[in-house]
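Presented below is the structure to which this report refers.
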Amino acid sequence: MAKVKIGINGFGRIGRLVARVILQSDDCELVAINDPFITTDYMTYMFKYDSVHGQWKHHELKVKDEKTLLFGERPVTVFGNRNPEEIPWGQTGADYVVESTGVFTDKDKAAAHLKGGAKKVIISAPSKDAPMFVVGVNEHEYKSELNIVSNASCTTNCLAPLAKVINDKFGIVEGLMTTVHSITATQKTVDGPSAKDWRGGRAASFNIIPSSTGAAKAVGKVLPALNGKLTGMSFRVPTVDVSVVDLTVRLEKEATYEQIKAAIKEESEGKMKGILGYTEDDVVSTDFVGDNRSSIFDAKAGICLNGNFVKLVSWYDNEWGYSSRVVDLIRHMSKTTSKLDSVALACVDAVSTLILSSEC
């Protein structure tokens, strides 16, 4: 089977990690990168050395010329266009484009990639109008005619699988979520101007900073049964990677904590294996650096007040786990499109056979 050819727009944290995931896979191929702010030699350096995930050791990486990188013997074309519609994705064969700049997050802006020859665009951020998919939760609802989709946020990818299991088994009346979230590139190293979010302008390296997040509300978009039942907030903390969700919910059906643990463990070993994890170990955040699962339930960290009121805790590598899901979503989209193409081809063959038979 032919590899899925992927391009990346924006070579920041998520762009580079998505590239690492693609380059370590057997069924996907990175064919192009666009970033107007980085030269190929600096791009090589940024990709090779990563303070969190370590040095790249899988292929030799070098600059062939100012428009080509070599990963081993595999060439990757580099563009430097600011306007998405000017990026010639079609020349490289990139059918799927990961939009990871954080700028072009609505459908109209992301659709500009289609003008350059891309067939599908995956936004690596929440979107106000593009359909959102969380692998393990609602990716089966993807239809091949959808050309612009969102992979939601890293926090929604952690929360949604957990919320789905709890709602399916016990029912959620309402709930509040807090994510204790590692710092990201949008924060300040020292106190600086941040007109829209004054607290967000304070130094990330030695403050716990309350912040807003739409991650809990977004769960209602991927799980309509929970629409309006969840909301939440964030605390940004001075760690460089790995975050943790605290979900406190009121249940429809009474349940013991042991029953809740058993339900989550069952799903983590069944339909959601590889997406939802389960641990009873005495873990801390650094134990999950490089974990490619979306959500790892911490059985020892949760508590019950009574049979209807429970606090659940789940960890996630907000960088690597999320980047892994971006590629998984592309795989699913490709398989869905391929199945449709096969059905269409079979229909054409059947019609052709009927026509030939009637002519005879």
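Glycine is no exception: its Cβ is also placed from the backbone N, Cα and C atoms.
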Which of these, Thr184, Thr189, Thr248, Thr256, does Swiss-Prot say binds D-glyceraldehyde 3-phosphate at the same site as Ser153, Cys154, Thr155, Thr213, Gly214, Arg236?
Thr184
Binding-site annotation, Swiss-Prot, NAD(+): partner of Arg13, Ile14, Arg82, Asn318 in Asp35, Asp106, Asp298
Asp35
For Ser153 (D-glyceraldehyde 3-phosphate binding site), name the DSSP secondary structure in the helix/strand/coil scheme.
coil
In sequence order, which residues at least six apart in the same chain have a CB under 8 Å from the CB of Cys154 (D-glyceraldehyde 3-phosphate binding site)?
Ser243, Tyr316, Asn318, Glu319, Gly321, Tyr322
Assigned conformation of Gly214 (D-glyceraldehyde 3-phosphate binding site) - DSSP reduced to three states
coil
Can you tell me which of the recorded positions His181, Thr184, Gly214, Arg236 is spatially closest to Arg13 (NAD(+) binding site)? Compare CA atoms only.
Thr184
Going by Cα-Cα distance, pick out whichever of the binding-site residues Ile14, Asp35, Arg82 is nearest to Thr184 (D-glyceraldehyde 3-phosphate binding site).
Ile14
